[in-house]
Amino acid sequence: WGDSSSSASACWSCSSPLSGTEAGVCCPLGWSGYDQNCYKAFEELMNWADAEKFCTQQHKGSHLVSLHNIAEADFVVKKIVSVLKDGVIWMGLNDVWNECNWGWTDGAQLDYKAWNVESNCFIFKTAENHWSRTDCSGTHSFVCKSPA
């Protein structure tokens, strides 16, 4: 079921209360809901900075995806990334200023880690379900995340 808002730019889709992890989460049209957040995968290949900028322009509060537990990571892999040809996506975790001060672009606390070491931006290798540091200038697909 969905919201019948009259504004095309305010199209929202609310998940049925019977749909488990998506129950009661209202997201922009084309986005998927999980645990009070909305997610959307984009196949466009962009460097990290351009992908983050693109995400911030999609919806208020939207950034490159941040992951806070294995259940959320599994949701992204199974529900979102399955639409992408490449199993590698940008994540919002970075240290672009080389200060050893890792943080999510959405301001969330770094409370879950699954990475290999090197470079200043992170990709999520979905087939292996782990994160890898990589050069921020490379190009990858990405997932945007926004509060519902």
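Cβ coordinates are placed from backbone N, Cα and C, and glycine is handled just like the others.
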>> Which one, CYS100, CYS121, is listed by Swiss-Prot as the other cysteine in the disulfide with CYS136?
In response: CYS121
> In Swiss-Prot, CYS144 is paired in a disulfide bond with which of CYS38, CYS55?
Replying inline: CYS55
> Swiss-Prot annotation: CYS38 disulfide-bonded to which of CYS26, CYS27?
Replying inline: CYS27
>> Excluding near sequence neighbours, so keeping only residues 6 or more apart in the same chain, what lies with its CB under 8 A of CYS38 (disulfide bond)?
In response: VAL25, CYS27, PRO28, TRP31, SER32, HIS59, LYS145, SER146, PRO147, ALA148
>> With helix taken as DSSP H, G or I, strand as E or B and everything else coil, how many residues of the domain 'C-type lectin' (34-145) land in each class?
In response: 25 helix, 40 strand, 47 coil
> For CYS121 (disulfide bond) and CYS55 (disulfide bond), what Cα-Cα distance in Å is obtained after rounding to a whole number?
Replying inline: 16
>> Please report the distance from the Cα of CYS136 (disulfide bond) to the Cα of CYS144 (disulfide bond), rounded to the nearest angstrom.
In response: 17
